[in-house]
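Engineer: So Swiss-Prot has the following annotated:
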- 1-21: signal peptide (SIGNAL)
- 22-85: domain 'LCN-type CS-alpha/beta' (DOMAIN)
- CYS33-CYS84: disulfide bond (DISULFID)
- CYS37-CYS60: disulfide bond (DISULFID)
- CYS46-CYS65: disulfide bond (DISULFID)
- CYS50-CYS67: disulfide bond (DISULFID)
Amino acid sequence: MQLKIQLLMLVLMTVLTGVLGKDGYVVHEDTNCKYSCDVFKKWKYCSPLCQKKGAETGYCYSFACWCVGLPEETLVYGDKGTYCWE
């Protein structure tokens, strides 16, 4: 019985992780560099940009756009093979 509960929890966690998506700094498609932003306008630029990339929302964090709830296939800074070419 306990094993069944553990398996059920594992399946639920896997499904929820896929549904919620991933978070990260979105990158320019041509350079793989982060989108820079003004930290004093935390949501104004980044939220629409992130939503255009498929995220739930986004905000300026450490002078770059951090997106929340991105689709798994969206490339973010730090993914394997993402290097800024600028």
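Each Cβ is built from the backbone N, Cα and C atoms, and glycine gets one as well.
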Engineer: List, in sequence order, those disulfide-bonded residues among CYS46, CYS50, CYS67, CYS84 whose Cα sits within 10 Å of the Cα of CYS37 (disulfide bond).
Structural biologist: CYS46
Engineer: Please give me the disulfide-bonded residues out of CYS33, CYS46, CYS67 that lie within 10 Å of CYS60 (disulfide bond), comparing Cα atoms only.
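Structural biologist: If one measures from the Cα of CYS60 (disulfide bond), the disulfide-bonded residues that come within 10 Å are CYS46, CYS67.
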Engineer: I'd like to confirm something. Which of the disulfide-bonded residues, CYS50, CYS65, CYS67, has a Cα closest to the Cα of CYS33 (disulfide bond)?
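Structural biologist: In terms of Cα distance, CYS33 (disulfide bond) lies closest to CYS65.
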Engineer: Between the disulfide-bonded residues CYS33, CYS60, CYS65, CYS67, whose Cβ has more other Cβ atoms within 10 Å than any of the rest?
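Structural biologist: Neighbour-count leader: CYS67.
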Engineer: Around the Cβ of CYS37 (disulfide bond), how many other Cβ atoms lie within 10 Å? Please give the count over every shown protein chain.
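Structural biologist: Taking all protein chains shown, CYS37 (disulfide bond) has 22 Cβ neighbours within 10 Å.
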Engineer: Restricting to the chain of CYS46 (disulfide bond) and a gap of 6 or more, list residues whose Cβ falls under 8 Å of its Cβ, or answer none.
Structural biologist: TYR35, CYS37, GLY58, TYR59, CYS60, CYS65, TRP66, CYS67
Engineer: List the residues of the same chain that sit at least 6 positions away from CYS50 (disulfide bond) in sequence and have their Cβ under 8 Å from its Cβ, in sequence order, or write 'none'.
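Structural biologist: CYS50 (disulfide bond) has long-range Cβ partners VAL26, GLU56, THR57, GLY58, CYS65, CYS67, VAL68, LEU70.
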Engineer: Inside 10 Å of the Cβ of CYS84 (disulfide bond), count up the other Cβ atoms and send me the figure.
Structural biologist: 11
